[in-house]
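As recorded in TrEMBL:
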{"type": "REGION", "residues": "1-21", "note": "region 'Disordered'"}
{"type": "COMPBIAS", "residues": "1-10", "note": "compositional bias 'Polar residues'"}
{"type": "REGION", "residues": "73-96", "note": "region 'Disordered'"}
{"type": "DOMAIN", "residues": "147-254", "note": "domain 'THUMP'"}
{"type": "REGION", "residues": "270-353", "note": "region 'Disordered'"}
{"type": "COMPBIAS", "residues": "273-282", "note": "compositional bias 'Polar residues'"}
{"type": "COMPBIAS", "residues": "283-296", "note": "compositional bias 'Basic and acidic residues'"}
{"type": "COMPBIAS", "residues": "297-327", "note": "compositional bias 'Polar residues'"}
């Protein structure tokens, strides 16, 4: 009689234990269906900023990424989700063993069931993070921006910036330094070299110092190869540092300035748009004054750059030779070049805001 008495009192504690096991199994199934549900260390993906409409932003991101993802990597292949009972129905008396077996089966088939793109909680307002699997986010995003830059075809309304994230780690200085020493090697470790800049943004985080992070990362880049030089005008590589809560997102991108800081709204703008030209012609004297002011601003900016880094322009040979031909090829005449410079300044204001 003692044993049945213990069994009747045991279910009180057994139910609580079973509930905990059920929660763990449910979390495992969720992770199996779509991977992690929030931004965490160890992920790759795409960080997207939007304007007050995250749901629409996710829809646009899926549409855009699937379009170009299929173009680069082919259509996404899905596998049928075979639900194996694993004999759990006949092992009710050993629920713990059945649960372990079920979790093992879930982990074994996780890679086959994960989607190529999956939205996760970013931890910040107006920021969406799309986890990627089996692709290189920096190549995909560069392909998207390059196509939009050439065609000048606007494909999104809500999405502002789209930044590839090649790796994530904990947002503590020591963790970031340790992670960056290995992460930055493919781009900056000898014999690889290049000019670079570091772009830093922090959201919902107050324990990381901006200047300290930039100084430490720049020191790591220079340690990997002494020929790596800083260029804030037109660098070959831009090290993107995005901190959200306790997670640091890192990536190294190309053509950051050419693609308007990876802003999808700005990269499709062109000084050759008839609407812009007509508006300038219709203004008459105002248009002439505006173009003169813009050219003056452009000249003063170039003068400052020449005064600040005269040695870099000779050593690197990239600041003026690479940037000016691109602008001239796009606009041609001086008024168009001036208008393009002011458009770049407007995009800078939007990005910093």
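Cβ coordinates are placed from backbone N, Cα and C, and glycine is handled just like the others.
TrEMBL entries are annotated by machine, without manual review.
Just so it is clear, the model here is predicted, and its values are computed rather than measured.
Taking H, G and I as helix, E and B as strand and the rest as coil, DSSP gives the domain 'THUMP' (147-254) the counts 35 helix, 37 strand, 36 coil. If you average pLDDT over the domain 'THUMP' (147-254) in this model, you get 96.
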